[in-house]
């Protein structure tokens with residue numbers, strides 16, 4: 001909505017400030033409500049079928065936006081779009097996390113997330129400077145450009161993406177056995193689900209909702225998601241506000257995403273090599289906090305400083321979010337519980353996207369100083385919660401190591417006693 005608002009969408013269908021805010025919030029509200037139900041549908045229908053349905057409906061709704069004639073229809077389509085896409089990102093994460101061992105999982109998830117970041121960067125180049133005419137041929141072509149490829153991707157997904165129930169058909173038997181052994185070696189005892197278990201039990205849902213670590217992941221996700229949603233919805237308006245106009249307005253919205261891709265790639269490589277997801281997240285959170293604080297401090301005095309600080313704020317938040325998702329998939333065992341946990345964390349994180357529009361006052365120009373201070377505070381809280389999660393995981397690792405040493409010592413004592421008796 002950020003580029004569309006700048007190009008005149010709110011004028012063409014007469015959007016008030018409150019309606020504009022709701023048009024941003026409703027898509028994330030639908031995402032939030034339908035996140036966990038979408039996980040249940042993924043597990044019931046299978047990833048291939050559900051992703052196909054999502055992509056077909058997603059593309060159809062995007063095309064349907066070209067026929068919007070009034071505000072209620074626009075808001076309804078935005079809410080339905082949020083409900084539709086709620087299963088896509090968690091479904092893809094669950095799919096990737098099932099077929100890749102933990103040691104390879106981080107970079108696969110980071111690369112997938114980088115693709116999402118690049119799509120936002122491309123959007124800045126795609127929009128024209130002429131402004132939206134809601135009944136124009138240009139708008140219809142733009143919406144077709146968005147919707148038709150998604151529909152085609154849905155068809156390709158149905159034809160070529162293997163179902164989870166029939167995995168690894170493209171591998172040779174020896175390769176399949178090696179991969180399955182690697183995956184089994186990484187499973188914890190509570191993750192050994194029988195192959196025939198394709199349904200969700202209440203104990204699976206309870207184990208996710210009762211886990212304090214999952215709630216910490218979700219709370220961290222709220223802060224990171226608030227930043228990413230703000231960037232999508234409001235950064236184009238900020239670029240215009242600080243003085244970039246006409247064609248440069250859309251073009252200048254894209255470089256922060258390119259910077260975020262670099263940060264995410266470097267962070268993913270380093271975290272995968274040193275197995276330090278939490279520590280890397282803390283570093284990226286600090287970068288984002290400093291970036292937003294500088295944006296608030298330099299607002300009105302130096303547009304270059306605001307823009308450069310924004311690049312760092314954006315890069316830190318996006319990189320931290322990518323590592324958060326990888327860290328989550330590594331630390332939740334079992335296909336069903338992992339799928340539920342991903343959907344719950346990502347869904348609850350959409351609260352950030354719901355509340356960000358209403359931080360603004362009722363004026364037509366967003367209060368960027370207030371928004372940047374709020375986002376800096378949210379990222380700071382996310383950093384503190386990440387440190388707390390690190391402490392919990394480190395204590396658990398230490399406890400497991402001590403137990404393992406104790407078990408090994410007892411086994412050695414028993415072996416020595418048996419040798420003594422035999423002797």
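Placed from the backbone N, Cα and C atoms, the Cβ positions cover glycine too.
TrEMBL annotations: computationally assigned, not manually curated.
The following features are taken from TrEMBL:
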DOMAIN    1-394  domain 'Major facilitator superfamily (MFS) profile'
TRANSMEM  25-44  transmembrane segment
TRANSMEM  49-68  transmembrane segment
TRANSMEM  74-97  transmembrane segment
TRANSMEM  109-127  transmembrane segment
TRANSMEM  139-161  transmembrane segment
TRANSMEM  214-234  transmembrane segment
TRANSMEM  254-272  transmembrane segment
TRANSMEM  279-298  transmembrane segment
TRANSMEM  304-328  transmembrane segment
TRANSMEM  340-359  transmembrane segment
TRANSMEM  371-393  transmembrane segment
Stretch among 25-44, 49-68, 279-298, 304-328 sharing the most Cβ pairs under 8 Å with the transmembrane segment (214-234): 304-328
Mean per-residue pLDDT computed across the domain 'Major facilitator superfamily (MFS) profile' (1-394): 80
Recorded stretches the transmembrane segment (254-272) and the transmembrane segment (74-97) touching, at least 3 CB pairs under 8 Å: no
Positions on the same chain near the transmembrane segment (340-359), where near means CB under 8 A and six or more residues out: 20-22, 24-25, 27-29, 31-32, 34-36, 38-39, 42, 82, 86-87, 89-90, 93-94, 97, 200, 204-205, 208-209, 211, 214, 217-218, 221-227, 229-230, 233-234, 325, 328-329, 332, 367, 370-371, 374, 378
